[in-house]
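Peer 1: So Swiss-Prot lists the following for this protein:
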TRANSMEM  11-31  transmembrane segment
TRANSMEM  35-55  transmembrane segment
TRANSMEM  81-101  transmembrane segment
TRANSMEM  114-134  transmembrane segment
TRANSMEM  144-164  transmembrane segment
TRANSMEM  180-200  transmembrane segment
């Protein structure tokens, strides 16, 4: 249990998808103008990560890994080369389901996210979660915790950035840095702040 808690804390703070690996920057910068939209997208990313990483773990463990098909009498088959397209298919299917759900039950959030909701399908933070899971050889329980933690870490980062950007509307930003210029600087400073967690040994 302690290992799972440590993994969750590490994936949220020490190995933050947005501020440590700079994954998912497209939507991270585009949807961080308002806190409400950022929270909505953050929750969507948490849900997608929490489901796709464990599902992809099961697919890799029982179908794609070298020797995974031994249960089917095919111990020498290695389908790991199908990993990327399989993970993308799982992510795309889940995002499509979520898009239909939000369109039906939460239209305000659906309209606020706009084109960036289907773009979660190609959000490299989502794909990164599954690839890190395979690379680090997580088991199913670790995959659930890592998926939830990495999604929560990304949501925390985009919500914090949105809050800062809302406050910056009332700041006297130099003309040449207005818009994405000052946003990149803020993201860099946030990343430096999160680097302080790197000294924590878990």
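Backbone N, Cα and C atoms are what each Cβ position is placed from, and that goes for glycine too.
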Peer 1: Pairs of Cβ atoms less than 8 Å apart decide it: which stretch in 11-31, 35-55, 81-101, 114-134, 144-164 has the most with the transmembrane segment (180-200)?
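Peer 2: Stretch with the highest Cβ contact count: 11-31.
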Peer 1: As a test: from 11-31, 35-55, 114-134, pick the stretch that has the greatest number of Cβ pairs under 8 Å with the transmembrane segment (144-164).
Peer 2: 35-55
